[in-house]
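Following: one structure in structure tokens, then a few remarks.
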């Protein structure tokens, strides 16, 4: 029984744990999700929620005044932001990948995922980011369960064939230019999200991953058809702020609390995780 539960952990067949939160570190249903969001107490990956404020937040390709924006200006704005974040986080350790979501749904828009080489580096960065601001907005940072970005990203988006657009529930990772990638990463990264996965468990074959993704998309379309676009927002100014007293204290952390369960359930989940890691070693 324990072996079966461990094998379905974080998949659509798992009726207890949310597969989207497990794979993507974010769930569109937030506190209303019927499944558990098991937040890691440590991870090599940090999630900086809704941090990137694109200049066309209200309508893609159009500024707040309704004027069209040159795509090259949007890309320049993004790469300035990307380099700014990369240089700041690099102070705490080697960054294996830095991914920024191009999705439009509230739970994913502007999300920044920073994966460090070591967990203690991510912990140091998380501690340093507490109470800080970027471009006048509080930085909301937390550990993320995502360690395999191949499982989190939308393969159809990479192939320019995703029919859900910005409201897809898998990551649409915004690309940086080759020159900037070479400047920041050197020759370390063959693809934009980095090298091979750090996940201890082996990734399932491609056709199995695609079938599972399709089941999750079908489930989400069937049960939850609502979505929203985030409106407004400041453009980034490329600067961090350390004033914890601004706005009356440390920023509120808008995140879903861990859903309470029995001691037995928590112990069981921990046991599943340990067994799963042992099998992957």
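In case you wondered, yes, glycine gets a Cβ from its N, Cα and C as well.
Keep in mind that what you see is a predicted model, and the values were worked out from it rather than measured.
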**Prompt:** So which range, 12-40, 41-69, gets flagged zinc finger in TrEMBL?
**Reply:** 12-40
**Prompt:** According to TrEMBL, which of these ranges is zinc finger: 120-147, 148-175?
**Reply:** 148-175
